[in-house]
Amino acid sequence: MTQPDPVGSSIPIRVRKKTRAYVILTVMLPCSHRATTMRPNDNNVTREHTGRSKAKELTAIRADLCRPDAENAFKVRLSIRTALGDKAYAWDANEEYLFKAMVAFSMRKVPNRETTEISHVLLCNVTQRVSFWFVVTDPSRNHTLPAVEVQSAIRMNRNRINNAFFLNDQTLEFLRIPSTLAPPTDPSVPIWIIIFGVIFCIVLVATMLLIISGIRQHRRKNKGPSEMEDSEDKCENVITIENGIPCDPLDMKGGHINDAFVTEDERLTPL
Amino acid sequence: MEKTRPLWATPLQFVFACISYAVGLGNVWRFPYLCQMYGGGSFLVPYIIMLVVEGMPLLYLELAVGQRMRQGSIGAWRTVSPYLSGVGVASVVVSFFLCMYYNVVNAWAFWYLFHSFQDPLPWSVCPLNGNRTGYIEECEKASSTQYFWYRKTLNISPSIQESGAVQWEPALCLILAWLVVYLCILRGTESTGKVVYFTALLPYCVLIIYLVRGLTLHGATNGLAYMFTPKMEQLANPKAWINAATQIFFSLGLGFGSLIAFASYNEPSNNCQKHAIIVSIINSSTSIFASIVTFSIYGFKATFNYESCLNKVILLLTNSFDLEDGFLTANNLEQVKDYLASAYPSKYSEVFPQIKNCSLETELETAVQGTGLAFIVYTEAIKNMEVSQLWSVLYFFMLLLLGIGSMLGNTAAILTPLTDSKVISSYLPKEAISGLVCLANCAIGMLFTMEAGSYWFDIFNDYAATLSLLLIVLAETVAVCYLYGLSRFESDLKAMTGRALNWYWKAMWGGVSPLLIISLFIFYLSDYITTGTLRYQAWDAAQGQLVTKDYPPHALAVIGLLVAASTMCIPLGALGTLITRRLKQGDTAPVA
């Protein structure tokens, strides 16, 4: 089946300009893979044919508006298999229709462009990658809308376009339209200071407790030996009087002398 | 009433204290590097030989001296011989320098630990530039982990001359680190003895968890295979043997006086021979164990980077030639590249300069040691793991435990002589002395939190302890064997522990170890002399990589001062004792 459309927009994968690369690549692809990509397109081919023949005149006019590196054209690149793995869907004419719809939707949000229709969005040069170029024409279909407008419209609605295809900024790339990177979530107080404060306070409290208990122990020890020293002095005095009577400090504090002991000791000392 | 010397509650506390002191950051970030540089599995041969010939005898010597003299390093060496008080002072000076800079690593570990409670981890993404269209340039040129380390943590200046101001965030972390150390040493052996249970055992728990996680990572086997394939020709390289000896020497922490301090709190009848063997074996096994973990992490990181590189090439080719998405894989990359080169030669030659040659070997060969390994390489690997916050918290918690465990020993080396000294301890209680030492170190440590602080850290790390320690340990060995007398020491030990001294220890102490230390010393000196001007690595923010620069004269002066301050103590101490003795003799002579 040959295509009258020289630009080759929305061509199903099976029917392509036969390049050497394509031949070898299709040979290299496993058969089952080809089958899954080929099957859904059969119906679309016939539908596209009938649509094409009706709009033949218009395509001739629009043909030169959409081509690689055209004036207000943007290249789009999708990495569906990278993003979705086994759940990857095939890129076919329906997906392209959705894409056109999303672009038209984005343009409608721009003031003065509320009348943008899906048919104003043109796609061309779809490759196996999947990548393609697109332009947006004005209602007269003679001129393309300025790149700046298209750029700002796409940027505003980037998230919704991404979500429509289950992709993100990295897997659905609009070359020459930089995406606004997500701003970092800066909490008002950095988290690390909170944790630092908690641990600092715990350590400080523990240190204070240890120091205070250490001081208390010191004081108890100081009182203890000084008491011992006082009573030892008293013992000494008593000893000088009593000749080696073992003195109990607490008892001696009162200054009482046990007469019984004295007499016993006198009894014990010979001569 | 005499104050009895505080003792360890159980001998187990002593062993744990020695283990937590010896097992430090060097086991994690220096040994894997040496293993990689000097032949992988075959490096274990010189390592184990040096352990048996040098590590165990010197460790036993220090523990025995401490246990016998029952005093800190100054008092112990003064008891051995009055002319050796300089050796003790030199140990204290070196420990003081070590304390100053070592705790800064703990401060950095705290910083990373506090930042690990965020999602995503702050070092895994580059921050956005002013108008939010891209990332900050420095971060793009380097990597996000390097950017976080050099810019956010250190805020490093381009050279050592530009000191910059004190950064308040690392300063706060340093204050916290010193507060934690003070809390642990506050009550002497009473508090230290309990803390060492954690600092000795918990790092092993984390290492085991990391071992299991590391071995199950994708690509870990690449790293392990690379590390353990022995390269036997490295055995003939003298540098391998010298580095093995140096690693054993510094890893055990000999010569700082910490081991003498710890052993002085022992019961005299403690079997320190058994403990010396246990501690040295555990230290070396931990090094080997940590290097297994490190190499599985290396393997994971290298494989990850290799696969990212391949993916970038695949993406580049897919985009340039509009090939089908998912068609190019790592397996058919070479074939397709050849095909494209022949089919579209002009386009291919345009794209060709951008195609990087991805190689797993070059990724594995990037050998890193020191703070670079701990804070850049490991964090890069962690950010690619699942539940990275958990792994990050565990890892930095382990680093903290290792660091604080070593700090306990370092501070004990300073505090034990101070508290032993009757002059100082009569004026101030133990808590106040510890507080003053921590405060002084913290204040001086603020130097390392300035913008050029990392460069000063490297100076201290490389020069403060290396030469001086060799001299100190040499002086110690010679003193015990020849000044005090080996037979006298042997009988002392027998009376103390009830066991006779094995001939092996006598042979090592008397002959082999001093010779080894002398040869190490000669090697280091010749190395310093032959390299000429000393250089350092400075971070260039514009290029996003390290560049080599020469040290300015004032930095060289500081290096000289560091080495001189500790080594000169030994001869000055001997000289001082000689002079005071002569003076005393001069006084007493007319009377006699």
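Placed from the backbone N, Cα and C atoms, the Cβ positions cover glycine too.
For the Na(+) site that TrEMBL gives as B:Ala22, B:Val23, B:Asn27, B:Asn283, B:Leu402, B:Ser406, the extra residue drawn from B:Ser73, B:Ser251, B:Ser320, B:Ser359 is B:Ser251. Each of the binding-site residues B:Asn27, B:Ser251, B:Asn283, B:Ser406 was ranked by the number of other C-beta atoms within 10 Å, and first place falls to B:Ser406. For B:Ala22 (Na(+) binding site), the same-chain residues lying six or more positions away in sequence with a CB closer than 8 A to its CB are B:Ser251, B:Leu252, B:Gly253, B:Val279, B:Ser280, B:Ile282, B:Asn283, B:Gly409.
Away from its own ends, the transmembrane segment (B:165-185) comes close to residues 103-104, 106-108, 110-111, 114, 153-155, 191-192, 195, 404, 407-408, 411-412, 415, 434-435, 438-439, 441-442, 445-446, 448-451, 453 of its chain (Cβ-Cβ under 8 Å, at least six residues beyond either end).
Taking pairs at least six residues apart, the transmembrane segment (B:12-31) and the transmembrane segment (B:463-486) share fewer than three Cβ pairs below 8 Å and do not count as touching. Taking the centre of the Cβ atoms of B:Ala22, B:Val23, B:Asn27, B:Ser251, B:Asn283, B:Leu402, B:Ser406 as the Na(+) site, the nearby residues of that chain (Cβ within 8 Å, site residues left out) are B:Ile19, B:Ser20, B:Tyr21, B:Gly24, B:Leu25, B:Gly26, B:Leu252, B:Gly253, B:Thr286, B:Ser287, B:Gly405. A Cβ distance under 8 Å defines the sequence-distant neighbours of the transmembrane segment (B:555-575), meaning residues of its chain 6+ beyond its ends; these are 83-90, 93-94, 97, 160, 455, 459-460, 463-464, 467-468, 471-472, 475, 534. The list of residues near the transmembrane segment (B:43-61) in space but at least 6 beyond its ends in sequence, with Cβ under 8 angstroms from a Cβ of it, reads 34-35, 234-235, 240-241, 244-245, 247-249, 252, 254, 259, 272-273, 276-277, 279-281, 283-284, 288, 473, 476-477, 480, 504-505, 508-509, 512-513, 516-517.
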